[in-house]
Amino acid sequence: MKAHTGKDWFWYQMGPQERSKARDLIHFSHWPQCEKWFENNHHVNFLRVDTTETENEAVFGSIVYDQGLGEEKDHTVFHFYITRQYFFTINFDFSILREIKGKEVVRQMERADNAIEGFLILLGELMNAYLIGVDEFEVKLRKLRWQIKDDNSKSILNRVHLLRHELMIWKNLILSAKKIEMALKETFLPQNEGKKDYQRTQLKIDRGFTYISEFEGELNNLLHSEEVITSHRGNEIVKALTIFTTLFTPITALGALWGMNFSVMPELNWKYGYLFSLLLIVTSTVLIYLYLRKKGWTGDMLQERKKKKKPRKRRTL
């Protein structure tokens with residue numbers, strides 16, 4: 001167990017094997033509500049507040065603070081218990097967070113006035129790691145945006161779905177941070193609402209949700225565009241098959257007549273029977289094609305220019 005000291009408050013950072021020490025830190029008045037949560041170490045995204053006694057409030061729970069993209073079970077949970085004088089965490093590991101230096105965060109936390117503000121700094125650093133991940137997601141989205149311009153294959157549609165899945169994971173992680181921030185505000189604020197660290201954490205969470213909302217809208221637009229293109233291609237295939245079947249109706253009908261074995265077949269003695277039949281097939285096929293073309297049933301539903309526009313040169317001052 002690591003004990004970090006602030007201004008009249010403490011943070012006890014514990015490993016998963018130190019639950020017995022954490023049990024001793026839970027106030028006896030909070031234990032009736034904490035017992036079910038504490039005894040079950042398999043809780044995921046559990047959050048409760050205890051405001052029964054004034055000046056002795058507490059927020060406790062468990063959240064997933066790291067989630068892999070491949071498997072649902074590939075996640076890391078940390079547990080926390082927060083009061084006005086101290087808080088403890090179980091299984092919180094700075095090394096999991098992207099580009100976050102634990103020692104610098106601890107030094108920043110030690111300057112906090114109370115335990116609530118200290119935990120808000122920790123929550124803010126958690127959001128910093130999430131925002132870094134969201135920035136990396138934006139790079140992937142930008143690449144996909146330009147790939148769709150030149151390639152509308154099935155693999156692109158699959159990539160859109162994969163990015164939507166990744167975005168949902170980031171959204172859920174940020175939502176967990178938002179839930180804790182709201183619980184702290186409900187339990188201990190407004191005394192910390194004007195503090196800069198609380199405001200910074202709140203703004204980071206709002207920034208994360210703004211990014212997520214914008215990316216969701218763009219992915220939905222990309223998915224809708226891909227669905228329209230897929231539907232159009234399906235319609236083109238059905239239309240082509242229909243036209244193909246219609247154009248070959250004359251030769252099919254004539255072939256069916258030739259296949260009949262009636263006793264009287266006058267065309268057997270015609271000198272130019274084959275020539276006449278071929279002319280009849282070609283003429284009827286052309287007439288049917290001209291009729292379909294006149295109705296506009298053979299043209300593309302979406303006219304595509306084969307010639308690509310040359311990119312405009314940027315003007316330089």
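Including glycine, each Cβ sits where the backbone N, Cα and C put it.
Worth saying up front: this structure is predicted, and the values here are computed from it rather than measured.
Annotated in Swiss-Prot:
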SITE      Asn235  site 'Essential for ion permeation'
TRANSMEM  240-260  transmembrane segment
SITE      Leu241  site 'Important for closing the ion permeation pathway in the closed state'
TRANSMEM  272-292  transmembrane segment
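When other Cβ atoms within 10 Å of the Cβ of Leu241 (site 'Important for closing the ion permeation pathway in the closed state') are tallied across all protein chains shown, the result is 10. The Cβ neighbour count for Asn235 (site 'Essential for ion permeation'), using a 10 Å radius over every protein chain in view, is 12.
Here the Cα atom of Leu241 (site 'Important for closing the ion permeation pathway in the closed state') is found 10 Å from that of Asn235 (site 'Essential for ion permeation').
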